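Here the structure comes first, spelled out in structure tokens, and everything after it is commentary.
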Amino acid sequence: MVTDLIKIPCVRNIVFRDHLQSYPESILNVTLHNVIVSLKQSDGDLKELWIFYTNMDGFQAKFPMKNEFRSQLPTSPSLSSKYTITLRLKTLATCHFDIPVLDEAIKLAESLDALIARTDESTCDVTGLFPFYFPRDFEVIQDGWTAFSVESEFSRLQAISDEWRITDLNKNFAVCETYSERLVVPKSISDDQLKRSAEFRSHGRFPVLCYLHKSSKSCIIRCAQPLVGSSVRRCKEDEALVNSMLIQRHKKGWILDTRNPNIVKVAQSKGGGCEPEQHYALWKRLHRHLDRHSVLQESFVKFIDACIDQSEKDRWLSKLENSNWLLYVKEALTVACIVAQTIDREETSVLVHGNDGWDTTLLVTSLAQVLLHPDCRTITGFEALIEREWIQAGHPFRTRCTRAAFGKSSRGYESPLFTLFLDCTWQLLQQFACSFEFNDTLLIQLFEHAYSSKFGTFIFNNEKEKTKYNGVKKTVSLWSYFNRPEILRTFLNPFYEPNISVLWPSVAAQSIILWRSLYLRFYENQIPQQEAWDEYLIIKEKELQLRSYVNKLRQELLELERKCTEKNSNMIKMEKDSVTTT
Amino acid sequence: MLAYFWPKSNIHEIRILEDAKVENVRLIDRFNSRQQIIGNYHNNYYDSSFPIVKYFLLLLLRLTGTIYLTSTHLIFIDPEGKRETWILHSLTSYVDKLPTTQHGCPLHVRTKHFLAAEFTIPKERDCADLHATLNQLKPDSYEKLYCFLYQAPNYLEKIWDPFLLATEYVRMGVPNTNWKVEDGNSNFDMCDTYPPLIYVPILTTKAMLFGSSKFRSRGRLPVLTYLHPNGASITRCSQPLSGFSARCQEDEQLLQCILKTNPYSSTMYIIDTRPRINAVANRAAGKGYENEDYYSNIQFKFCSIENIHIMRGSLQKLLETCEMKNPTMNQYLNALDNSSWLQHIKSILDAAILIARAIEVEKKNVLVHCSDGWDRTAQCCSLASLLLCPYYRSIHGFRVLIEKEWLSFGHKFSDRCGHTATSDSKEQSPIFLQFIESVWQLSQIYPTAFEFNERFLISLHDNSHSCQYGNFVGNCEKDRLDLCVKERTYSYWNYVLQNVNDFKNPLFRPQSSYASEVLLPVINSQTLKFWLSMYHRFDSSLLPKENISNTLAHLVDHTLSLNDHARLLEKRIRELHSMLDGDPTTIPTTASSSTTTTATTTTSNEDVDDSDVEKGNHHKKISLPELDSGLSETELSQTRIADSISSKLNTILKPSTLSTSDVESGFSGDYSPHGKAPLSSFILQHQSSIDTNDIPTIERIALELNSIALDWRSYHTPLHCSCSLPFDSAQRKYNCWRCGENFCARCIERGIYLPGLYSNSLAPVCKTCACSIKSSPSFADFSALVKSKSTEFIRNQTAMKLSRSMIIDQFNNDR
């Protein structure tokens, strides 16, 4: 029984501390999905803080033995009865519970240990997670599960080119388990050919359309690596499929492999590889390596460690440099820019893949779309992009986000790729502050929900899993929650001016900066920044109000002027009449 | 790449040196070289494996232009004449000629405001000449500094708004029962780098002060610099000449006097801003630090701020980091880390916060010194004051802070900034820059707390080096007095005052707790940012493409123009309403209406813009039959007259004022001959004596509405000014208030009165609009009228401003 895991349901009289504040006399309740901390505010009111186990990245318990403790701190009796549990959250916050009684502290630690472990993918299937128990507490205006369909995106495509169709080949996930059921493919290729191509691609992830550029009609295609192997196998259908996606035949397309040639060689010896040039003669190959998986995860762990380390023992900048995180941000942006440049300037198509086509591939294709497509810079457009390019494209959110920056990775499958995507988007937002409809609140919210959420959007590994566990019926979509006026309002960028052109950011090292409002938000006082933000809103609001006021006054004035003229002409008439009568 | 702009009209006044012209020069831009303007955006190319690279060579070859040398500037003009790069000779820090390559001879020019230009000159001889000339053109004495040559644009007057140290001390409540003013230094005989008046504890004697000054390096004895409302104070001095064992009774007594000025604390801090090891090393040279055994009730602390030489080296490394060509992320971070620049900034801020904490939290007096007490001490005292006192976070207060801590107490600007070619390069150090950057870092932490913006800080930094204004010339007040800068140069503060809108932080929220209280930030290494817009300001491709602070300024300007316009519209609507008010119900009694009429008449006589008179008269005629019986006979007759007049007036005037076609026809047309002429002429006389130009005629209203743009062009869309100058994101664009388009600073005229504004203030207008508005027929009378009134107004204002500070000074002198 799960309830057996709760060794102690309630701990009283604890001190709750985070980086900026401390709340004595707090009460901690342990429930099935979260701990609820009742904080005593300075005005005596209680504030409830819910911390979900899915949000807990790890914890440390410091229980010095009694005598040892005494010898260390003989002079402070108030401290002698304090046992501290430090909780590291996936939202990057750190909080401490100072518990007066050792026995309670031990029991709490045991409970937490078991309850956190229970949320792991290896021990608990997804239906045990809170989103399946979350009672929706708001009115849904637009159901997020149905808001972004393939059809709606396809209708946009149709306006640009009629060479594409939607295929139902993957009904019931028959061909590819990690794709969604309906996919956009070239009209000229039959379902049979697609099936053969799927057999030739890792995990059956055959090439599909993900973006069609309006002006050049060139497109971004993504897939998994071809199963070339050491015997250099080929698949005519796959070649035909890939070639049919090249719109302008006179120009060669680019195959962008997100691995370096050495890794490709290793992959080839294991049956994978990259499209050989002799078989794909219409395409040129480009290798731009992007780190992934455990390398990226380690980088993230080091990076966050550097960000929150305030001991000043090591130099911050050298720690930042060692973490390599900003390097990965720069690299991801650069590759996305190359794709965008090829699509928009060179006007030819790009096919992107790495190994499985669900990690770095998605990072590149989604970022390139933010650069290329103005719609992706609106709130709904960005949500649609995430739904399309990350969720439906089968980024394994559950696996990748089991641990964030503090947890020990048990199986090594965790990787902060989505965080990297959000960071890159934030860099763009930083450079093009007026071209995005949203502000960084949306990005921070997405970061938090990707790791731990009440909603079902990010808890599945792919569409098939969502269907299997009936996620659409049993959980609430994050988009349903977001797309309500009171929430949307907080995401709006007051300076937004739709910018239809392609964004060309600077990817120079000097231009890549630390996303303070995410990584340091629990460690720096955010109130001054919040105040500045409020001021932004006030200034913008004032301008808008005055503008409409002046407009109103002008109309009123012209109306009055008209009346005056009328009245005068009447008067002149009367005068005239009187003159004539006399 | 725009260094210093002069209004175009002034260009002909610059004498171009004979033969000082080199043609076919290429300017290579470190980051922009691979840049091409495509469609709407500057395009960086991301990968060299693409064939597009071929275009670049073509583009680069076309980017040739001509260098002109004037006695004050180096000017590079590109072939289309679109971009001009102006480099002031006094800002040039470094000119270097590199070995000739196949393209020509490279010439590197670096400036103190972080421009690094790389020219390639076809002929080596030209390059050598240019190199030699540029080095010669650097001012080699004070007399040749730019400020003594500079002819400011017309709007800037050679007035020095007097700053008196006494005013600032009065603001702090000094002299009082604990502190007094001492004139012992009036001939600079106690200390030549201190101001003539110094503020010391009330218990001190002249002998004590002289004794102490003899015991302090360069005579810089402990004097008051900031007094906090809680009674705790910051005093500053230089290191004592203590060596290993020397002591000085007067100095010890002086410190005890300082301690006694604060009734709340029995101890005080001495903060030596140097690292301990430096202080100890100084003892061998007969200097050092206070021995705690000799000074009772003292808490001694070292802050590890490094000396000027280390800071100079650090900046050098920082600039090398900035000049790295295409560094990888790790190379860049590594270089930034190795420069230690941000660490030095942090150590300065840490020291300032330590002082501020001691004052605000511990309520203890703090004595700050370093070696000579004019570098680190100036940094720490001024930053601590900035944290403690909200006044210094305003533009005016910040000026006072700089006048006090930096100028009066003798920061060696000329030596530290290397104003003249003769100055010792070992004396140069970015001390003031570090202070400016520390303030910037604080403004990043508290975006709403400072009245001034980043542009102000950058401008302040640049002008401390450029010597365009006399303020920062010389090493101390005495130098500036000797050079007579106040008589011979323009004042930077006057320039700030004239352009104050450019320097205001739109986010400043005076009522916010951060703007009105003591700031005690927690600063970690992570808190500090690299100041991209200072060190990379000429590399526009590195900067954010859409600049929020400029967008904000744009919004604030727009709000300003709309607000002013709205007030005029409101007034016009009121006027038209009263014209239209043939409805008797709106006028309760004729008596009261006639009094309002007279009231408006009087106000209108005082006010420039009032046409209520005739309207007031116009519309009273209707109420005659309904006259209140309670009115006295005289009143009645008066109103009768008034109304009869106004009824006539209406019939005559109205068609004239409101007919769309012609004013004349309404007047001289059908009606005047019919026996009403005398009356109307009387009215007319009466009218014109008040204000013929401010009648809301249809033409008038149309003119007013046309003169103000309701919507402004989006801040980001135009990429070129109408003069074809390309905009980059760092540059401030200005909107024409009339047409709403964006223009560069040079294409905007500021001396135009727009009819659509209520306040008759000068508005920025583009040249085209300025022409069309000047040529419009009804504008001439209007502007003449407004001008006469408003110049008077402006004159009054300036007079008031000046007299205010003079009154305070007078007050001080009397005391």
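Heads up, the Cβ atoms here are built off N, Cα and C, so glycines get one too.
According to TrEMBL, the protein has these features:
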DOMAIN    B:159-535  domain 'Myotubularin phosphatase'
BINDING   B:Asn307, B:Ile308, B:Cys370, B:Ser371, B:Asp372, B:Gly373, B:Trp374, B:Asp375, B:Arg376  substrate binding site
ACT_SITE  B:Cys370  active site, phosphocysteine intermediate
REGION    B:580-618  region 'Disordered'
Packing count at B:Asp372 (substrate binding site) (other Cβ atoms within 10 Å of its Cβ): 20
Of B:Asn307, B:Trp374 (the binding-site residues), the residue whose Cβ has the fewest other Cβ atoms within 10 Å: B:Asn307
Env. residues of substrate site, Cβ within 8 Å of mean position of B:Asn307, B:Ile308, B:Cys370, B:Ser371, B:Asp372, B:Gly373, B:Trp374, B:Asp375, B:Arg376 Cβ: B:Ser238, B:Thr273, B:Arg274, B:Thr377
Mapped DSSP class for B:Cys370 (substrate binding site), helix or strand or coil: coil
Residues B:Asn307, B:Ile308, B:Cys370, B:Ser371, B:Asp372, B:Gly373, B:Trp374, B:Asp375, B:Arg376 binding substrate per the record - widest CA separation, whole Å: 12
Cβ neighbour count (within 10 Å, all chains shown) around B:Arg376 (substrate binding site): 28
